[in-house]
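Notes for the one structure printed next.
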Amino acid sequence: MASSTNEGSVNETRSGKKSKNNTNQVDESQLFTVPDGWKEPAFTKDDNPKGLLEESSFATLFPKYREAYLKECWPLVQKALGDSHIKATLDLIEGSITVCTTKKTFDPYAVVRARDLIKLLARSVPFEQAVRILEDDMACDIIKIGTLVRTRERFVKRRQRLIGPKGSTLKALELLTNCYVMVQGNTVSALGPFNGLKEVRKVVLDTMKNIHPIYNIKTLMIKRELSKDPELRLQSWERFLPNFRHKNLTKRKEPKKKTTKKEYTPFPPQQPESQIDKELATGEFFLRESVKKRKKMEEIKVKQAEVLSKRQEERNRAFIPPKEKPVMKKTNKGTVNHLNNYVLNYLLSF
């Protein structure tokens, strides 16, 4: 009996493995594909006529500088949440916003969208953009970047790199991902479709890891063009995507004088000649000290004379007048002709 049960269990495991392999080897052409332009029908009161059993509520704090803006746009917030029967309260003393369900609320996910709305409003996202979170195809993501970099200076530089000159990098990222991106303080708030939010999070985290966002933007541009081709949808895009390698460049400056190693020789180098050896070679060693002193003094006087002559030449240069161009005297034609006539008359008189 025990052997039969063991055999049965072994057969079941084998059959299970085979079924898993079969499921992995299913043709992609036989899989169900969602047609283009299809949308899930909206959740109405007919889907949940009895409403909710319990009350759910969410609260969030907002900074002091957002108080004036929230006061101004609060009627619009209440009107937008009133369509889903969500109650919203603004407490200016505590600096908090609270949203909660009511007896008329029929959509259980509406309070979660209202929570995301107040989070975006607290993170300096304008109401015109934040109210889009109440739509079905929209989602939001708040990325915390304050703890990803140690030093404050590096953090500010990399955050500015994400924004780009005059916000050009952030605008390019918004166009490629169809998301609204807001960089504020130590967080990055993104609002848009799910696929776009995934790409925005990747770009933001890579930028904080010292990878320039232009590389990811270039990859997104290539993916956007490839997605337009229906033949390449089921194929791998790795051959088309660029592969950027990170280079660790050393910041150490190279020395001006580079020392090159000489070839190794087992013999020691020849000892340099000492001053006594040089004097023995020239014969100065055998001279008297008075003669040596006289020679040194003569050499010093010769050097001094050369230096004095050079200095004198430099001083005399200031007194040498510059070469002037020869001045041509201007003569009037009338006076020249008059002289010529006078000379001719004088010669003819003889």
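The backbone N, Cα and C atoms fix where each Cβ goes, glycine too.
A TrEMBL annotation is a machine prediction, not a hand-curated record.
Predicted, not measured: the structure shown is a model, and the values here were computed from it.
What TrEMBL lists as compositional bias 'Polar residues' is 1-13 (among others).
Look at TrEMBL and you will find 21-32 (among others) tagged as compositional bias 'Polar residues'.
Shown for the compositional bias 'Basic and acidic residues' (37-48): DSSP residue counts in helix, strand and coil, namely 0 helix, 0 strand, 12 coil. Annotated compositional bias 'Basic and acidic residues' per TrEMBL: 37-48, in sequence order.
Positions annotated as compositional bias 'Basic residues' by TrEMBL: 251-260.
TrEMBL lists 139-209 with the feature domain 'K Homology'.
Annotated region 'Disordered' per TrEMBL: 1-48 (among others), in sequence order.
According to TrEMBL, the feature region 'Disordered' maps to 251-274 (among others).
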Three-state composition of the region 'Disordered' (251-274), taking helix and strand from DSSP: 0 helix, 0 strand, 24 coil
For the domain 'K Homology' (139-209), residues assigned helix / strand / coil by DSSP: 40 helix, 17 strand, 14 coil
